[in-house]
Amino acid sequence: MWAPERSAEEQGNLTRSLGSSEDCGSVSVVFPMTMLITGFVGNALAMLLVSQSYRRRESKRKKSFLLCIGWLALTDMVGQLLTSPVVIVLYLSHQRWEQLDPSGRLCTFFGLTMTAFGLSSLFIASAMAVERALAIRAPHWYSSHMKTSATRAVLLGVWLAVLAFALLPVLGVGQYTIQWPGTWCFISTRTGGNETSSENNWGNIFFASAFSFLGLSALVVTFACNLATIKALVSRCRAKATASQSSAQWGRITTETAIQLMGIMCVLSVCWSPLLIMMLKTIFNQTSVEYCKVYTEKQNECNFFLIAVRLASLNQILDPWVYLLLRKILLQKFCQAVSQKQREEAATLIFTHLSISRTEPGEARVLFSKSKC
């Protein structure tokens, strides 16, 4: 049940296609090792910051959002810990995947893990976008209905639904197969074959298409909700333009939030769109990237597919920085810049007063003490 079925011709082609994957082992192993280390550090740091903020009383209104960030960081970190070590061991051992995994069960587990954790990240990002949009556009409904228990239920529901979808190949709908250059497994996009395998081919088409459409749908929901949030923030900022201090504060908040949301949309689109669109393209064109070493004319397509998968994996590293860590760093830099500017303005003002009215030194200390960020 766990082992993907292959014909004799397919097995021979696959063996030839993966034979040269050992040649790039010493070079390519740097990529998964770097991703594992950076991803683990970033997500662990994000989880630490979330746990500290979650315990504070003043963050009660942010608990739903903090739960989503913590769940996303945990999802990304566990996904990397389950997949990256397998790739590293395969590169360092200079073995083909079939030598390391003759039964094919590890391949199925690897593909299931990539599918489940990849879709989970996308859907959690969508849930966070919906949560932000509701908090900004419907604050009264949000405060009365959006409890932490509801957030936990939604996150758990996302996880269970994605896991059920990823288990479809185990039940016979779709396949997880070895992908070029033979160091990882993922959803099969193979659509050709003889009549005996037509049922498997239709299963491959359905499963791969469903994965792509689900991923693209999650991206669309995230984009729509983030744009709605930005629009609502800009409208509220204009409405508060009557009071200068309130207007300046809301302008700063709107700018920071808009930059962060646009950064999230850019990262998601760059990391996931190439893989999802290319999977649909290979299905509609009835092509496959599983036998790259056999058909040399597909070499460019195979290289692009590998880059697309690496970009999707890179999203697990960028998530904690885009959602939490980078925002904290930018806020600290902003505070330092404002504080420095206030000190310079205070020093200029003090120098002017001293030169004109010979102000007592005690007043300078008072002005400096009020110029803190």
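Just so it is clear, glycine is given a Cβ too, placed from its N, Cα and C backbone atoms.
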Which of these links to Cys107 by a disulfide bond in Swiss-Prot: Cys68, Cys185?
Cys185
According to Swiss-Prot, one residue among Asn194, Asn285 carries the annotation N-linked glycosylation site; which one is it?
Asn194
Same topological domain, and so the same side of the membrane, for Leu66 and Gln299 in Swiss-Prot?
no
Enter the number of other CB atoms within 10 angstroms of the CB of Cys185 (disulfide bond).
26
So, do the transmembrane segment (31-55) and the transmembrane segment (305-326) meet, by the test of 3 or more Cβ pairs under 8 Å (sequence gap 6 or more)?
yes
Of the stretches 205-230, 261-284, 305-326, which racks up the most C-beta pairs under 8 Å with the transmembrane segment (69-89)?
305-326
Can you say which of 109-130, 205-230, 305-326 has the most Cβ pairs under 8 Å with the transmembrane segment (261-284)?
205-230
